[in-house]
Each structure stands twice: as structure tokens, then as C-alpha cells.
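The structure appears right after this line, and notes come after that.
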Amino acid sequence: MSLASLPLEKLTKVADVDKRETIYIDLLNYEKQLRNLNKNTREDSLQTNLNPLLSLIKKYGNFIAYPTRKLLSNCIIALLKGLEGYHQHRVLLYFVDSIHEKKDYIEIINVLSVLTSCLEEYGNQINQQETFIRFFFKYSKTNLSYGVRSIALDGLSKCIETSIQSTNEDLIKEIWKCIKSNLNTSSTNVLLSALRCAYYILGSSRLRNSELEWFKSFLFKKSSIDNSLLHSSLGRCFSALASAQADKSIEAAANAVPSTPADDENNEEVENRSTTRRFDETESFRHALRILVENYHSKHAKYESSKAVLVFAVKHLFLMQRPSFVSLNYTTIVDIILLHQSHSTSKEWLSSLEQYHCTYLFRDVIGRRFLDQSSELQGIEILLKRVLEPYLKDQSKISEIAVKTAMASTADILSRSKGSATALYSQLLDTTLQILYLGKDSLKNEVAWLLRCLLSVMPSPLMPTLLALFNRLELEFKHLRSKPKEVSPKLNVGIFNNLTLSLMSIYVAAEENPLYVASSIFSKLFNFSLDLIKSSSKLDLLAAQAQIKTGWRLLSAYVSFGPSFTRMQLSQLLILWKNALSRVPSKIHSQNFMETNADMFNRFEALQCLLSFLEYNKILFTPDVRKRVIIFLNNCLKFYKAFSLTKRLEITMPIPASDYSHLELRSLLLARIFQCFFELSQLSGMSLDDQELLSTTVSTIAELSSLQGYDTADEIVQAKAFTSPRVIPGIGSRFYAQPEEEFQTTMDDILPCYICESSSDSLSVISRSNSAKLPYVPPSLTSLIDNAIQLFASMFCHQPPKVMESTLEIMVASVTNLKSGRDILRYKAVTANTLFSIYGFLSAFDNKKVTLPDKVVSLMIELLENLTAVNDPKLIPYISKSYAFLAYLYQSKPTSVLDTIIKRAAESGDPNCRAVLILAVGHILKKVGSGVPQTTLITAYQLLKVFNTDSNDLVRECSIRASSVSLGSIAKTIPSVLTAQTRILLSYMLLPECDIDVQLLKKRNSLFFPSTLFANYLDCLINELGPNLRSDSSTSHFAFDLAHQLLLLSRDTGDNIIHVYKCYQHLYLFTPLETNSDFFIRELCGNIIDLKQPKRREISIEVLYQILLQNHEFSESCYKRHFDRLIWQSLDTTPDNKLLKNILYIWLNDYKDSDIHSWVNILLFLVGIKNTSSSERSNEQDIQNNLDEDTVSLAYGTSENASNPLFQKNYRWQTQFYAATCLKTCISEVMAENKEPAKYLISRISDLVRAAFVLSTSDNFYLKQGGFELLDTIITDFSNVMDPDFDDVSLLDQFQAQISSAFSSAFVDDSSPEIVAMSLNIASNFIGTGLLKTESQAAKILNLLKEALESSLPERAGFEENRHFKYDSKYFLRIATLSAWASLLVHSANVSYLKEFLSSNIRRLSSHWIMALRGYSRLQFGPSLVKDFVADTSFTRVQSINPKILLNIYEKSWLNIAESLTILLSTDANLIYGILSGDELSLSEEDVFFQDNINYASNRYSFNFFLFSVCFQSLLIPSTLQGFRNPVFRIMRIMTEVLTEELCTKVLYDHNVFPEVVDLLVRLILTEDWETKASIVIFVKKLALANPAHNDLKFCETDSVTSMEPTVSESVEMLFQLVKILTLALTVRVPGLRSDPAESATNKKASEFVILCFNAFLDVSNIFPAIVRVDLFATAMHVYEVIMDDQQLLKNSKQELLAALRKLLSTMVEQNDHTCTTLIYTLFEHLLNIYKETINDSDKKEKNETAFMSMVLVLTLAAPILDSEQLVVHDFLEELFSSLKSSEEDFALRTRCVTSLMLVNSKHPSMSALCRFIIYKSVTMLQNGEVLKSGDYVTEFIPALLDMHVHIPEEKKKSFLSMSIPIAAHFSILVEHADARKRIGEKLLKIMAIQPDEAKAIIQQLSPRQKKCVEEILIQNVE
């Protein structure tokens, strides 16, 4: 029996400095050994395995580091796994006893750590834990050190968690007293541990009310401390406290006894009961939530951190419930949180924070984690009924916070549940519009965003809603303008803001859903906006400003639609901007303040529109437009700087008709100027070098000029409600951003520094963000600073050196002056802003690869030195990276910066300075890399090694981070650095300075193990080792071990584990699946289904996906563990996650063939087919994969479907849609391969059709779409499959009714245009399959198509009123209908009744087809593309069509239309040209995009060229092919059909066109499938044969290529290009023709393709002049020989290959020159060698037969030019007759070949020797009995011999008869069959009829026997 071994003896020989590493490695091995022992072995050797661990703690405790302590605990856990509870209890008692009365704190810590970890793992299995509780309690006293108390309290919390109910009251009191004393500690570690204990005690509800009240006050007190980990713990405790108070309250109410602190003191016996009542779960939850909400609004929660902690507590309370419980109690949650909100009109931060928190809870917590598809709709209904509608009735009862929250939550739910419109949505729309009309300014953004989300989901009311809002806005302005001038109107800003923003927002929805509106609605927007701005000049100030604001904002929405809308209005827009952004008026200083404010307000609104124009119309920026915009912006900048601030009262007053005060608007104006300049700088070829603008940015950044006008810092913070008081005034937002290497924590979400200030940015509502949230808008002051920094970084690169120097000097002076001042906050803001600016422009310099002058570098170093003095860890990464950029850009002296930094780092005594500099060293090494000399590199490496063990935490961590980032650069110069680097990393992990428990013994207050730092180091190391890990198994295994331990440490410390996951990801990239990877796999998949930790879940999904891509073994292991079920569940919770979909697709692609049953059943179930058979894979796989119980239960559930989570819910429509997509893919790919899985799909056809029917009849748009796509796939792939039970019946025949009904469902009133269009095309394809045999069977579908055609034609009166053909959808559906009818014409070739059905409409259809195809060509390829068109005009018919809509449907329909026109062109060309020459096209709306003056009657090839060019250009744009099946194949057929000699002559063989055609064909021949390749070959052949110089080429007589005429030579060159395409096509399939002879596809289509190519090659070769043709013949012969090596091809297409050889030989014989004869002899010789080599090789039988038949063909077809005296011919004949002796299988073939050769060659005198040899050899072998089947041979030989008489010259016929008749007479006796004898008789009679005398004389000379035989044959023939 193998036992685990932990050798401690060798530690005595190990030096102390190495003992830590040795112990750790030994424990790693020991843990593996323990894990591999079975349960019985571990139980029998329990004490034996335990003793070494006890000894290790006792003897070598001082060498046990923090990670070792955790590893030691894991050893105990592995030892105890699976053992009974009493064994585990007994073992743990050993550790308790081992430190009895011990004073050594190190040993105590080690034992406490082991016990804590073991109780965490096995606490639920150990019944009696009082001993452990008292043990931990003993070491929790406040008289002990922080380290001991922290671990002891952690252990105590584990015990309390599992055994609190069985612990007596006295002990609980003592524990609580101890906890209270520890709660007042100054150590964060101890405080967190004490809070964990308190949390579990509170869960037992065994504390008195007075204690609960004390604890609440304590929590409020501590919540003001700025520590995110502490906040999380406080939040959990608040949640537990509220639950305990709720239980107390419920119990007191049930007992009808008031519960007060005084009563508690007097009735302790009553309170201290040993049993706990069970309370109603809902009631307890309701009370607890109410308590938390009351605490949130209480006076104690006066800090933002206190409120954030309470929000976290509410969130924790939710997370502790079941998801279904929270959704069921959604009404209660709404009532408690929202309906009890107080009315607040304050603009303070806490008020905004309260709004933020409510929205966070409802949208981000409840909405994203607890609501499924059904409860989401219920949630909308509850919010509507309990918040929005009541608010509409009485605004005093519902707070605006509640309304905003309800709207934000509803918008979020709508964005996820899009796809189906319900009656509830209509009710919601009406309510929202009514709230809008209330004119509440504070609700404007939420209302606008909700309307946008709602109308995106339910687009049908878009048009009426837009018109209603326009009418209301016009009415409001009319009312405003109608007031008398003497009456000062009181402007309701809210109604105008609401209407304006809502219109802007809804227009975005209209642009995204253009089929539901008329194009004229967009023109209405522009014209209305233009009128408002123009007419404002005639109004009073208030009304004018209201109109200006609305006009510019609506124009901002208009220009955001892009160039297709903006281009034609650009001139008017530029005039508007010129007027609004004019030069600074000369009398600006004499203007009153109101006039100045009005001017500034006008400029601000115009700038917002300009910014929108810059963002969405970059393509329109010509040099002239750029110049104008720069002038506009410079005017605004000068205006901003032209006046100074005046009276305090004036600058803080709100500006009329605006949302801002003067100070706010001033900041926003400058911010917009910066934003516009920055957008301008991003244009290609644009550089800004305006020094005045640069100085303005510097003033804003380094002098904080934006704060001018504010008296105090407090006033700055309080001026806006969107910035936290924690934020330093004037500092950039990047200062508070999360570092790149860290992930945002939960508290970062709850306690933001900034809140979205959407009211300051009207552009936010037109953002094209895919997020459901209203886009984040930073507060105005913050936005100004950020924009200034961004613009400065972009501009500084383009400045001359002198300007750079002066600017840097200003910055240096600014930082230096503030350094010695007392304004610390201002100093910090300026230094941070300056640093971010430096970092930004250095990054820009780096991207541009520009060097820096010496003076600039020295100033930069001086500035960075000043910034280094700022003691803030947040700035360290930016400073160090700035140094790296600087070193890289200072290329004249690349190492001078590094040398300076190394020297300063070594000499500096300031820890912060050392940390910055050492990290800078790492980044410089990474950036400069090989540019650093080796000596400097070694110095830097040695310095890093020293600093990696520094006693200062900050320095050490920065140094280790520097080591990790520079590891790659160092290793390239010093490869030996990587040797044993894993051990070096381990040594850093085991440093005494990293042992947080021991460090806490030294009274340090707060320490946490930096597991993320070491994980990052390990990840860098793995990437550097790379493929070497495959060969170095020890290093790879050790890396796996370190990753596993770091994962455990990250879980313990709560660190971000992304880097640990990345370690695993990269390990699996370079190494095979580790045997001990189960823990990591379970960890990943547990995170994936855990919605309570969304960020960790997101990371886990990404890492899992990357590993699956890189490691197939890992992927297979996960799939066998049934993790696809988990992924489906996880996908249903976040259905838009692309990575989850990709994971499923990977598995579907890999296992759809081997596991087709499971996949089909799961996919069918997901799409709603519930009664499918079991979809579970065999449980035997679980046994084979050694899955533990936890993994199987996690992924697999039980074996019964009823208990499997996968089968217990209704899935979201997004999940169903993706499942339908997967099912469609599965069907298409499986049926294409026609393998065994296809038979299974055939057996499930009824379920597949039912799934398609269920989806296509759904009320959800996307499910309808998925259903029709699935139905189309089924029709396409199963239409040719016959029913297995009835061979003459199609498989789909029985489903005709279901399929037809699905089409009918698309035409209901609420169907969308897209669905109608899709159903029309699929219906036409269904008819085209021929499944509907008669017109009566197809009547239902044909009627639908006919109705659609009649409704869509423009000449039909009243088509506008059709329920589907209205607004712009009428054009969309018209093209879709034409496409469907075009498909009918294409299918009419196979479906007879369609010809008659089409005949009555064919002319009308043809004209519309031509219009549509011409319109498509103009839009897609014309000189003016879509971006050139105006999508919305108002005056002409031409401009009433939105080209985006047309192009969208054209791209899905044009190919069908092109096919139909091609068919008509070939069958009834006069019809097409008659239409083209008539006036039928002139009045059509579709044809407005195509105007020409071509006379098609006289230039008929022109329309061919039109069709050809449309197809050709479409092949160059992949997007035009996506909507079709086999698009390239169909296009090539069209191009081949329309190809004429005239088209080739005038167009295709043009010098400019031909190369493009060839390039495209080369690309396609390499990438398309075999069928498409074949169509390309046919096209190439036809193109070659249509060469204009065809006749001149073939009959060109020349001895040299160089002597050809130029036209002929040019044509030869072009033809060679086509021949190259054919050769390339052959190389794709024939391995022997390419340098890499890899195997190619061997299916029948591929074989047919080779034959087609070879035949085309021969046909094209025959066009060339003779001198070239011969070379091509040689090439063809070589190709033929290579093809013969392909056994599979010969098996499929041998006869076709021989036919091709026949064609080649015939052509060569026809040419009849010496070279051709030589080539034929060479070929014959090669064939003979092949025949001899393969004659005994059974594997090459096909090749042998082909070679034999080829030689026969050569001797047969080339006989006129061959000489039979050649030795090679004689050798072949010998082989032929040799085969007659033994080849029984091929005897008949060989015999026929002999007779054929004899007959054919008898015609040619040069081959007479061959005939003589055949006769001689035949007679000899027959006489000797050597022929295997002599009777059969004679039956063929004698008639052939007698037939030769006809071809024998007259002078030799007598001698021939003298030979042939005796031979016939002698051997005819062997002929047994009467028919054969009769045939011989016929031949003899024919001879006797020609030469009777000679024949009779010869017969008389025969022997009696021979004579008798001849007579019998003749008599038999006569009879």
C-alpha cells in the first residue's frame, strides 16, 4: 500500500534562507500524495500522515509563510476528505492540544490558521464545536496581538456560522462581549474579522434589542471610514441586523408584548430562550427591508458612505433570497423603496445620490439578477400601476425619485425584452406621454430615454407619436408667441425641454426602424428646426431663446443621422453656424449681462449641434468645411475670453429659458469648444497648432482657470449635485478611475465620485450606445478639465519645439509655485491634471513615433521629478509610464533617462520616490527593450532583485510589478534569467514581509496579501516561457501548482482573480490538460452561473472561452462534464453575451456529428418543443471521466429530466432565437455531409417542422424571424429527401398544411414588414421545390403572392391604406414581392403550372424587375453612393424614398431579380428590349436612381453588360451576398449566360477590365465550394472561346512567339491568364500539381470538377496558335498522368477522364506534326511504365486499368501518325497477351481491346505490323491452349479478323483470305453459342459475296473437319 511521505529530516541540511521554499515545495508534493490516496488508506494511516504536519508546525514554524500556512491547511483538508465527522473532530483536537499553554505566537498562528481553514471546509460535518469555539475565543482577547486576534476571530466566525444554534447563551454573551471589544480596534484586519463574527451572531437572532441598537450606532459610526472592504462588511452586518430586528419585531407583535430596551433588561429570561421561532419568510423580508430603508433616510445616515453601506445591505438582503422570491415580492419592494421616498427638490449631492441608489437597486440589482422573462413584464406592470399612473393622477403623493427610478428600470427591462409588443406597452406609452405633457423639467431625460426604448421595441406607433409631439410643440410655441409683448410671459421651460428631448430621442428610434415612418418625417424635423431658429429674431428675448434652444437641439438630432441626411442641407447649416458663431461683437463690453448671456447661450446650443455634426459626419469634412469650422470655433474661443466676470449675484442667477447659471454655462461652453476641437483633430490629415487654444488648455489644466468665479472649494462642490464632496475641486476624473490592472469593486458602483449629469448634455439622448442606460455625462467642471487634458494631449504633438519648451516651463512653474503653498487640494489637482496631460501627449508622441528634442526632454524630466514628490499611489503608474515614453522617444540618448532613474532610485531615501522610480525602470525596460545595453540591463535587473525584497510594502510591490513587466525584455538579452524563475517568484511570495499574520504581530494595523501582484508576475512568466513549457514538464507542473495556490489565496483574500484566471488560460495554451484541473473548472463554471457576482462571472466567461479556443482537450473535458447545460442556463440570464454563444457554437461544431441526438433534443426543447426524448448523454461518460459528485450535480442535475434545471423553466426569447439559429446551422451542415447523423435528423423531421411552425407563429418578431429562417432551412435541405417508408413520396409531403399555415401567419395585422418580406421569399422557394405538385395544392400560397403583388404595385389605387404597405415599408415590400415573383420565374423551369400562373403578369413584372435592378445598381455602385443621397426631402417625388431602406431590401433581393431577367433575356429577349426602349420605366419611383440615354434596341449587348457589371461588382462586396444561398454560384451562372462575343469584344477584353476580372476569378476559384468552382470554370471556358481574336489565333502560322502580330500576341497573353485560372483550379483538387501535396477533398463533386477543368483546359488550349498549342498539349499530358495518381477520382470518374484523353488525342492527331507524335510516344511510354508498376498492386487497381485503357486509346486514336514497329508498342502487346493468360476478371475487356486494336489499325498501313502481331500471337496462344477463356476469345477474335477484309488493299486481299478463312474455320469449332456462330457466318457470307471465287477456292482447300465446320456455320446462317 502506497503512503504519503513528508521527509522532514532533510530540512536539517537545508540553509535557513532556503527552508521556506523547501518546506513549501515539500508540502505541495505531500498534498498531491494525500489527494491521490483513497479514503480507506487515509483513514488507516491517519495518524501516520498527520504526525509530519504536527512536527513541521512545532519544529519549523518560523519558516512557515502566509502561503505555506494556507497550503498546510490544504494538506489537512485533503487528508480528512470523505472521512466521518468524528475522525475530523479528533484530528482537529490534536492541533488544539498541540499548543496548550504555548506562548509562541508563531506556532499559535499556524495552528489557528489550520483550524480555521479546516472548519470552513468541514464545519458542517462536525457536531460538537464548543471546544473549538472556546479555543478561538481564548485567542480573541484584546490583550493579544492583532495577528493572533485576526485569525482567531476568523476561526470563531466559522464555528459560529455552523453551530450557533447549539451554543449556550452564556458562551454567546461572552463571545459578543469579546466581539464588541474587538470592534473598537484600530486594526482593519481585526475589525473585519470581528464583523464577520458579528454577522453570524446576528443571524441567530439571539441578541437583545439594546445590543442591536448599540451595534447599529456602531455601524453608522464606522461607515464614515473610507475603506471599500470595510464598507462591504458593514453592509452585510446592516443586512443581518435588519433581519434580526425584523424577527424581534414580528415575535413581539405575535406575543402582543411591546419590546423595549427596558423590558429586555428586566426580562432576560424571556429573551434568552434556547429555541428560535420560525417566522414567515415574506413578512421577515418585508420588515427587514423597511428597517434598512428607514435607516437610509434616518438622520444617522448623514454621510454618502453611510448611505452606500446601507444600499449594499439592501443588495445583500436581496442576494440572500431565492431569485423567484425577490421577483414574487417585487410589489413589496416597490412599495417600500419607492413609494416611501420623500419629495426633494434639493440640488445637493445626497439627493442625487439617493436617486442613483434607487436606480441602481432596481435596474442593476433586481432587474439584472432576479427577473426572468415573465417577471420582467410583471415588473413593468407593477411600476406602471403603482408608480407612474399614480404620479400622473397626483404628483404630490409620488416622489420624482420614484418616477425616475421606475422609468430607468422600465427602460432597462424593455431593452432586454425587445421583440414583442403587448397591450401593456401601449398603456405604458400613453402614460409616458401624459407624464411628458406635465412638463416636469426634472424628468425630461428619463421620459425621453424611456420613449426611445419603448418605441424601439414597439415601433408601430412611431409615426403617430412623432406627429403628436410635433403638433404639441407647435401649439406651445404658438401659445408663447401669441402673448402680448406688454405682458411678461412666464415660460414653462419644462414642457419645451420635455418635448424637445423626447423628439430627439424618438427620432433615433425612427432612424433605427425606418420602415415604420415616412421619409417626409425627417424633412419635417429639419424644416421645423430651421423655421424656429430663423423666426426667433423677430421675438422677444424669452421666446427667442426658447425657440433657439429647441431649434438647435432638434438640428443636433438631425445631423446625427449621418451624411445621407446632412449632405444636401450642409450649405444651410454652415450659414446657421456662421450667424450663431460669429465674431465677437465690438461692443461686447458695453452689452448688459442679459444680452451677453443670451449670446453665450445661443453659441452653446449651436456648438452642441456642431459637435453632433463633427461626430457623425466625418466624411463630409472637405478642406473648405474644416476651414469654416475652425473659424467658428475660434470665434467662440475669443468670445469666451472677451469678457470678465461681473457681479456675484448675476453670475449665479439662472439664465432665462436655459437650464444653467452663467458660471455653469461658461464652463460648458468652453468644454464644448474643447470637444469640437478634439473631434476636428481626429480627422485624417488634420493637425491643430493654434497657440492661443493651447494656452487656454494649459490655463485650464495647470492654473485651474475654470474655478474662477467660485469663492471657496466648498462652493464648487456644492454648486452641482453630481459631484461627491470627496472629489478634489478642479481635478480630472481619471484620478478617481479604477487602475487598469484592477477590477471595479461593488462599492465603486454604489459609492461613485460622479453621477451622470444628463441635463447638461442634450446630445446624450441621441447617443448610439447599445447600453440600456442613459449615457454617462460627467459634471460640467469635470468635463471641462477632461476635455482640456484630452485636447492638450492631441495638440501638443503638432507644436514647434519652442512652443513646447515654453509650455512645459509654464507647467513646471505652476507645479513648483503650488508646491510650497498651503492650498494642498489645489496643488494636488494641478499636479494630477499636469501628469495626465503629460501622459496623454507622450502616448500620442509614441503612436506617431516622433522623437523629442533635448531641451524638451530635460524640461519633462524636471516636471516629472516635481510630480514624483506627490505622495499618492494613484499617480505612480502614470509617472512611471511617462518616464518610459520619455526614454523611448529620446532616441539620441536612449539610455540616459534610464541611467538617471537607476541612480536616483538607488540613492533616494523617500519610499514613494523609490517606488515611482523602480516601477519606471520596469516600464522603460519593457518599452525600450533591446535598445538598452547589456551592462545597463544587468544593473537594472540587479536593482530590481534588491528592491523586490524591500521592507517597504509600496516599494516592494512596485518593484515586483516592474520585474513582471520587464521580464520579457530582460529575457531577450539575458535568456538565463528565465531559469528557475518560478522558484524566484515563490521566494517573493514567501518573504517574511509578505506574511500578513506575522506582520500583524508587530502591531501593524492593516495588511493584505498581494496575490494579484504575484498572479500577474506568474502570468508574465508563463507567456515568456511559452512553448518551452511543453518540453519542460517540471516547470509547467510547478506553474500549475502556483496558479492553483494563488487561486485559493485570491478567494481567501477577496482579491481580483482575473490574473489567476489568465495564468490558467495561458498555461492551457502551452500545455496539455492538467490532471488536477477539476478545481479550476468547477470554479469557472460556478462563477458562470453565479449572477450574484456579475464582474467575476464576466471574467470567467471570457477566460473559459479563450481556453476552449486554445485547448481542445480542455474543451472536450468540459463538454463531457455536461457544461453545455450550464452555459445554456447562463446564457438565458444574459442572453446578449456573445462569448457564451461562441462557446456553445464551438461545442456544436465539434460534437454535432458524434452527439447529434443530444444536440437536437436540447435545441428543440429550448425552442419550445417540450415532449422530445431525453437529451441527456450517457452517465457512463461521467464514470469514464472520474467526475466527482459536486461536478456532476452542478452541471448535470439528476438523471431525470424533471429535476434537471435545464428542463424546469421557460427560456427567454433571445435564448430560443439562438437555439433556433444553432438548430438551423446543425441541419444545414449535417444534411450537407449526408452522413449517419443526417438519418437521425430525417427521423425527427416532424419535431423540426413543428419547431419552425411554433416559432414562426410566435408574437415575438425575432422568434418569427428565427422560425421562418428555420423553416427555409428545412425546406431547402429536406425537399429532395424521400420518406424512408414510402420511396415515391417526399419527406415533407405530409407537412404541407403546417408549412402553408406558417406563411399565412405572416400576414396578420400586427406583422412587421420584415417578416412579410421574409415569408414571401420563403413561400416562393417552397413552391419551387416542387413539393406542391399541382396548382390547386399551391393555391393558398399563390394567392398570398398574388395579393402582395396587387397591393405593392404603385398603379393600384388605395395601396397606401394597406395594413402592411404604408409609409416607407411600401417600397421595402414592393421589392420583396418582386423578388418572390422573380423566384417563381426561376422555379418555373421545374414546376410546370408556374408558367401559366406567371404569364398574365410577366410584362408588368419585367418592367418592375428592370427598375429595381437599375435602382440597386445606382445605389450600390453608382457614382453617387447612398451617402450622397438625401434621405428626406419634401418637394419632389425623387426624394420621397429613403435610399437606406431601398438598399437594405435590394441587397436581399437583387440576385433573384437578376436571375429572372437573365432567364427572360434568353427566352424572350424582345420583351426585355421592348420594355427598355419604351416609356414604361419613365414614371416609376424605383427608377429615379438610374437615368441613361442608351438605345437598347440597337445596342443589345448593353443590357447584357448591365447585368454582368451588377453581378461582377456585387462579387466585390461581400455584404451584397449575405442574404442568399449559393450566391457566387448563381452569379456565375448569370454572368455565363449573358456573356456574348460582342460583350467580350467591347468590354471584358479591355486592357483595364480584363485584369480585374482575372483577379476576381482567381480569388473565387480558391475559396468557393466545388459546385461554384465548376461554374467558374464554365465561365472561364466561355470567356476564352469568345476571344475576339479566336479565329486569328487558331490559324496563326508562325515559328516563333516573338514573331506574332501585336494583336495576336496580346490575345495570347490574355488567354494564358485564363489558362492559369484553369491550372490553379486543378491544383486545388489534384495534390500532385502543387508544391504541398496534401490530401484534398475526395467526394464525387470534386472528381467531376477535375474532369470539367481538364476538358475546359483542352478546349481552351485548342484556341492557341500551333506553336503554343503543342506546349499546352504537353502540359495536358502531364496533368493527365498526375490525375491518374488519385485513386478516388478514378473510381468516381474514370470514364469521363478517358473521354477527355480521347479529346486530347483527337486534337493532336488533327494537328499532325512531328512534335505531337513525339508527345504521344512519350505519353504511351509513361503509361506503359505505370501499367507495369501497378499490375500487381491491388491498391492501385483503378490506376492500372486506366493506364491500360489509355494505351488502347492511344493506339486506337493516334494510329494515323504512329508506327507499329516501335518497340514500346511491341512491349504493350506482349503485356496485353500476357494478361489473356491469367486475368479472368478483365478477360472480356482485354479481348475487346485486342479486337478493337486489330480492326482500327487495319485501316492504316503504318500499323499493319501491329495487326500481323495480334493475329500471330492469337493463333499461337489458341493453338497452345494458353488463352484463359479460349471460347470467349475466339467468339470476339474471328468476327474481328474477318471484318479486317474490308480494310485490306485489293492486291493483298487474296493472301489475307488465304490466312483468315483457315484460321476462322480451324478455331470456330470452339464457338458454342449459336448467335456467335451466326455472326461468323454473316462475316463469311459477306466475304464470299465480295470475292466468291477466291473464297470458295480457299474453302475447298480446307481439311474435312474445317470444311465441315464452315459449311455448318454457313448453313445455320442461311436458315
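Backbone N, Cα and C atoms are what each Cβ position is placed from, and that goes for glycine too.
Following the DSSP three-state reduction, the secondary structure of S45 (phosphoserine) is coil. All chains included, 15 other C-beta atoms sit within 10 angstroms of the C-beta of S45 (phosphoserine). Summarising the annotation, Swiss-Prot assigns phosphoserine to S45 and lists experimental evidence as the type of evidence.
T48 (phosphothreonine) is surrounded by 12 other CB atoms, counting those within 10 A of its CB over all protein chains shown. The annotation phosphothreonine is assigned in Swiss-Prot to T48.
Annotation source Swiss-Prot lists region 'Disordered' at 256-278.
Residues 127, 129-130, 133-134, 137, 140-142, 146, 149-151, 153-154, 156-157, 160, 211-212, 214-215, 218, 222, 227, 229-230, 233-234, 236-237, 240-241, 243-244, 272, 274, 276, 996, 1000, 1004-1008 of the same chain lie 6 or more positions beyond the ends of the repeat 'HEAT 2' (166-204) yet place their CB under 8 Å from a CB of it. What Swiss-Prot lists as repeat 'HEAT 2' is 166-204.
Marked as repeat 'HEAT 3' by Swiss-Prot: 378-416. Only residues 6 or more beyond the boundaries of the repeat 'HEAT 3' (378-416), in the same chain, are considered here, and those with a CB under 8 A from a CB of the stretch are 327, 330-331, 334-335, 338-339, 341-344, 354-355, 358-359, 362-363, 366-368, 371, 424-425, 427-428, 431-432, 434-435, 438, 440, 442-443, 446-447, 449-450, 452-454, 456-457, 772-774, 1135-1136.
Residues or ranges marked as repeat 'HEAT 4' by Swiss-Prot: 457-497. Model confidence over the repeat 'HEAT 4' (457-497) stands at 83, taken as the mean pLDDT rounded to a whole number.
Among residues of the same chain six or more beyond the repeat 'HEAT 5' (783-820), those with a C-beta under 8 A of the stretch's C-beta atoms are 667-668, 670-671, 674-675, 677-678, 681-682, 687-691, 693-698, 700-703, 706, 730-734, 760, 777, 826-827, 830-831, 833-834, 836-841, 843-845, 848, 850, 853, 855-856, 859-860, 862-863, 866-867, 869. Summarising the annotation, Swiss-Prot assigns repeat 'HEAT 5' to 783-820.
Among the features that Swiss-Prot reports, repeat 'HEAT 7' is placed at 894-930. Through the fold, the repeat 'HEAT 7' (894-930) approaches residues 857, 861, 868-869, 871, 873, 876-877, 879-881, 883-888, 936-937, 939-940, 943-944, 947, 950, 952, 954-955, 957-959, 961-966, 968-970, 972-973 of its own chain, all at least 6 residues removed from its boundaries and within a Cβ separation under 8 Å.
According to Swiss-Prot, the repeat 'HEAT 8' annotation covers 935-972. The DSSP breakdown of the repeat 'HEAT 8' (935-972) into helical (H, G, I), extended (E, B) and coil residues amounts to 33 helix, 0 strand, 5 coil.
Per Swiss-Prot, the feature repeat 'HEAT 9' maps to 1265-1301. Sequence-distant contacts of the repeat 'HEAT 9' (1265-1301), counting only residues of its own chain at least 6 positions beyond either end whose CB sits under 8 Å from a CB of the stretch, comprise 1167, 1216-1217, 1220-1221, 1223-1224, 1227-1228, 1231-1232, 1242-1243, 1245-1246, 1248-1258, 1314-1315, 1318-1319, 1322, 1325-1326, 1329-1332, 1337, 1340-1341, 1525.
Among residues of the same chain six or more beyond the repeat 'HEAT 11' (1526-1552), those with a C-beta under 8 A of the stretch's C-beta atoms are 1455, 1458-1459, 1462, 1465-1466, 1501, 1504-1505, 1507-1508, 1511-1512, 1514-1515, 1564, 1568-1569, 1571-1572, 1575-1576, 1578-1579, 1582-1583, 1586-1588, 1611, 1614. According to Swiss-Prot, the feature repeat 'HEAT 11' maps to 1526-1552.
Positions annotated as repeat 'HEAT 12' by Swiss-Prot: 1553-1589.
Taken from Swiss-Prot, the feature repeat 'HEAT 13' applies to 1674-1714.
Among the features that Swiss-Prot reports, repeat 'HEAT 14' is placed at 1722-1760. Long-range contacts of the repeat 'HEAT 14' (1722-1760) within the same chain, counting only residues at least 6 positions beyond its ends with a Cβ under 8 Å from a Cβ of the stretch, are 1677, 1680-1681, 1684-1685, 1687, 1690-1691, 1694, 1697-1698, 1701-1702, 1705-1706, 1708-1709, 1712, 1768-1769, 1771-1772, 1775, 1786, 1793, 1796-1797, 1800-1801, 1803-1804, 1806-1807, 1810.
Sequence annotations record features per position, and here Swiss-Prot assigns repeat 'HEAT 15' to 1767-1806. Sequence-distant contacts of the repeat 'HEAT 15' (1767-1806) (same chain, at least 6 residues past either end, Cβ-Cβ under 8 Å): 1721, 1724-1725, 1728, 1731-1732, 1735, 1745, 1748-1749, 1751-1752, 1755-1756, 1759-1760, 1813-1815, 1817-1818, 1821, 1826-1829, 1832-1833, 1836-1837, 1839-1841, 1843-1844, 1847-1849.
Within the same chain, residues 1623, 1626, 1630-1633, 1642, 1644, 1646-1648, 1650-1651, 1654-1655, 1657-1658, 1661-1662, 1666, 1720, 1722-1723, 1726-1727, 1730, 1739-1740, 1742-1743, 1745-1747, 1749-1750, 1753-1754, 1757-1758, 1760-1761 sit at least 6 positions outside the repeat 'HEAT 13' (1674-1714) and bring their C-beta atoms closer than 8 Å to a C-beta of that stretch. Note: the repeat 'HEAT 3' (378-416) comprises 33 helix, 0 strand, 6 coil (DSSP; helix = H, G, I, strand = E, B).
Secondary structure of the repeat 'HEAT 14' (1722-1760) per DSSP, as helix, strand and coil residue counts: 35 helix, 0 strand, 4 coil. In the repeat 'HEAT 9' (1265-1301), helix, strand and coil residues by DSSP number 23 helix, 7 strand, 7 coil.
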